[in-house]
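Features of the protein shown, as given by TrEMBL:
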type: DOMAIN; residues: 1-222; note: domain 'SAM-dependent MTase RsmB/NOP-type'
type: BINDING; residues: C40, A41, A42, P43, G44, S45, K46, E63, D90, D108; note: S-adenosyl-L-methionine binding site
type: ACT_SITE; residues: C165; note: active site, nucleophile
type: REPEAT; residues: 367-401; note: repeat 'PPR'
type: REPEAT; residues: 402-436; note: repeat 'PPR'
type: REPEAT; residues: 499-533; note: repeat 'PPR'
type: REPEAT; residues: 564-598; note: repeat 'PPR'
Amino acid sequence: MHHSGEVYGQEATSTLPIESLRAVAEQTFGDQPLCVLDLCAAPGSKASQVASQLHIDLLVANEPQKTRAALLQANLLRAGVSEALILSMDGTRIGAIMPNAFDVVLVDAPCSGEGNIRKDPSAWDRWAHNDHPQQLQSRLNLQKDLMSSGWQALRPGGLLVYSTCTLNHEENERQCCQLQEQGAQVVRLDEQLVPSTPEGFLRVWPHWLDVEGFFVACFYKETTHVDPAAQMDCLSLGKMGFRRLKTSEVAGLQERVLQELHFSLPPGIPVMDKEEDVFLLTKRLPLLQKLLPHTLLPGIRLLSKQQISKELRLVAGGNLSSEEWLDLYKSAGGGLGASSLSLKSAVDAPTAWKAFQEMKQQRLEPDIVSYNTLLNAFAKDSDGAGAQEVFNEMTDVSVTPGVVSFSVLIEAHARAGHRKAAEQAFRIMQELGLQPNEVTYTALLRARLLSGDLLGAEDLQNELNVVGYTLLIDAYARVGNVEKAEAAVDALSMNAAPNLATYTALMKAYSRAHQLQGAEAVMSRMKAQGLEPNSITYVTLIAAHGKAKSLQRAEELYKEQGPNLASATAMIGAYGRAKDAERAQGVFDELCAQTVRPDAICCRQLSQALTGARPQSERKVYCKLQPSVLLSRERICNASRNAFEASIASHGRARQFCAEGCCSGF
């Protein structure tokens, strides 16, 4: 869904400027289609939110840097926004070029980013730099100029929204006061959203809701008489190098697009340029033609060399694979962002490495996000050596590793069983002055647990998150240490709520300690917390009752969960422990009747359950596997090899069984 543009991920508070605007715009404009200017739009999160939540006639989105403007264009096309005009110019000049032109202006200004301290503690360090006063003044000047330009571009009766992700007074309230000196009227946001400041601005502090800090202000421009004719030059397509398509040409194009893409062209002016590419210009072009020299494209390209353009295919969407989406996204200007998506969607480390190399071949310079994504791919593949190679390249090309980089590297070494390498990465991280977070400590915990160092893992207990505590509880469960498992749950509960996986690990501890009442009590605690047990929870409890040969309760749990591969495998194991081959086979047949494909573990449990049956029945029962299970003969035999050799070889039946249809013999 992310590849197709159906979803755009944002920090929760980052949505507040548009949510504020939407609430005020409904009261101010009603159903009127709006002409909106996003003055600082890249990479496009708020611009796409504007397009999805407001009734817009045209969205003009600006980004001065060409590469970021291309990314902005690609993101809006991917989101299906057809009413956008992408500018790449100094935003402080737009007001002078296009005064009184827009119904709504959004100024999400560049700022010091202090609100990001929750995910980037280094944001505070900027205050300690010697050049901080100069850097702050430079930002203040830019913010003031952008607000003035946006205010000039705003038509009388329009709305301007100013926002930052910083916390200080100078970049927020002070800038708003200066705009008020130009005649801006504050639109109080405390009627639409949670009140925040006496002036009616919205301010969110990171510690309130554990979110990014944010500031939002909204202003109204008093209505005065403006002569539209004074703003609008006569539109001459010929002077601009375009030919307007004839009515018959437009009809043919609309029919072609509908047939090939199942997509209806949005309203606009279809024109052809000198290269015979066809574009869809905005209906408001007479008003905005002064901005055309600064656009990436005059509108959506519809045809290129008489073929439907990739830009139009990206807007239209449709039934495309992730690879097709990414290809269109790259061709539309996605650049580094598109390559980063290719990295994130890679199914394994080799695929991610290939995408990374393609990124560099396109002369795109990988950033820290790209390197971290590649590191994560190697971590998922438990390839510590590969992750270390990527990490070394980062430092070689002067991309400074951060906390996330070290955390993923430690995780990769942990999964690969490289305890010493994980510990060394942790020490280097501390020597560099980087503060390990809960994810870092959890990765180090995994390294110590996988090396069998439970005492060393316990030393990290006070630094763990829910995932880390769950891993520790699971380690206690493996040795049946209920007392320490419960103590770890209590310690976790002091700072966070245990989740389903945590309680399931605790249940496993009681099961391993053969304390059925304790395991059942954990199930009750889980439900009391509003947590719905999943298949792993049921399997754990079914297996516990199976080991105790408490078949009645195991059957109740199995019926409560319903037959699936995991619960059926556990139930077959329970019957196997009770040496009830007939009912074990019945569960297996029930599973197969649902067209569920048994795996090797399920087949192994069944083979073990049948070890107490007579040799004649063994051949009969296993032959049932052939027509009903879509499982390779080789896998069935491999899964059953040990059990059969132990149970039937002494009867001289193993080779005979295989000769009768399962395989060519052990």
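Quick reminder: no glycine exception, Cβ is built from N, Cα and C everywhere.
The structure displayed is predicted, hence computed values, not measured ones.
Sequence-distant neighbours of A42 (S-adenosyl-L-methionine binding site) (same chain, six or more apart, CB under 8 Å from its CB) are E63, Q65, R68, A69, L71, L72, listed in sequence order. Counting residues of the repeat 'PPR' (499-533) by DSSP class, helix then strand then coil, yields 26 helix, 0 strand, 9 coil.
Tertiary proximity for the repeat 'PPR' (499-533) is limited to same-chain residues at least six positions away from its ends with a CB under 8 Å from its CB atoms, namely 466, 469-470, 473-474, 476-482, 485-486, 489, 492, 540-541, 543-545, 547-548, 550, 561. The separation of the residue listed as 'active site, nucleophile' from C40 (S-adenosyl-L-methionine binding site), Cα to Cα, is 13 Å. C165 (active site, nucleophile) is 16 Å away from G44 (S-adenosyl-L-methionine binding site) when you measure Cα to Cα. Other Cβ atoms within 10 Å of the Cβ of D90 (S-adenosyl-L-methionine binding site), summed over all protein chains shown, number 13. C165 (active site, nucleophile) sits 13 Å from K46 (S-adenosyl-L-methionine binding site), counting Cα to Cα. Neighbour count (other Cβ atoms within 10 Å of the Cβ, all protein chains): 29 for G44 (S-adenosyl-L-methionine binding site).
Sequence-distant contacts (6 or more apart, same chain, Cβ under 8 Å) of K46 (S-adenosyl-L-methionine binding site) comprise S14, P17, I18, D38, L106, D108.
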